[in-house]
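Take a look at the structure set out below.
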Amino acid sequence: MTRLSVNVNKIATLRNARGGNVPDVLRVALDCERFGAQGITVHPRPDERHIRRSDVYDLKKALTTEFNIEGNPDERFIRLIEEIRPEQVTMVPDAPDVLTSNAGWDVARNYDHLCRLVEQFHAWGIRTSIFIDTDLDNISWAAKTGTDRIELYTEPYAAAYHKDMAAAVQPYVKASAHAHSLGLGINAGHDLNLDNLRYFAERLPYLDEVSIGHALIADALYLGLEETIRQYRDQLAL
């Protein structure tokens, strides 16, 4: 069964908009676990516009499910990973000023850099994942780095879903089958929601994990957090 990791960045964004500690990121993350989330994801950025370094330390002390930290692996990020030692690190090539992650790695162009990162994170006992698009050659290059997993960037799927869902998912079906044949685990994330998640998961039998934040938190405004997580888990219970 595909695991659900809840990205709590949006909770931090809401807190930071007003100051103080409401909503409490740690409490929400622990409630997510209690309500059935199988992991917690954060994406700390240098300007701390949502998740702060202090949040990452607090979460590490308290979480009982898998902790996934994603981000651009600059020196500051690498030091944070060394100190926290999460279960998984997802390497994302986003610039500091982007609103949200909007592209995967060109692995061939960054091959040596990614190889060094994978080797270092493995030395610290951390599972690695490379954020990537569906290009098959790019996935082959990712496998050569020694990474454990890839995370498929799913915004193109979500954007095209209502136009032609079969065509939208097909590149991901091919990509996941290719990755699986190379021994890679497969994660996915970006704009997955209650509308498009089940169809996606049904067609990717090797899908290990999805990380979902924005849509899940938006749904929770109407449904409540516990019911929302239950519904997302239900979409993945294939």
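Glycine residues also receive a Cβ, built from the backbone N, Cα and C atoms like all the rest.
Owing to the predicted nature of the structure, the values given are computational and were not obtained by experimental measurement.
Record note: Swiss-Prot gives Arg18, Asp191, Gly213, His214 as 3-amino-2-oxopropyl phosphate-binding, and the candidate from Asn7, Asn68 in that site is Asn7. Cα-Cα distance from Glu70 (active site, proton acceptor) to His43 (active site, proton acceptor): 5 Å (rounded to the nearest whole number).
His43 (active site, proton acceptor) counts 22 other C-beta atoms within 10 Å of its own C-beta, drawing on all protein chains shown. Taking a C-beta cut-off of under 8 Å and a sequence gap of six or more, Gly213 (3-amino-2-oxopropyl phosphate binding site) has these contacts in its own chain: Val6, Asn7, Val8, Asn9, Lys10, Thr41.
In terms of Cα spacing, the recorded positions Arg18, His43, Glu151, His190, Asp191, His214 that come within 10 Å of His50 (1-deoxy-D-xylulose 5-phosphate binding site) are His43.
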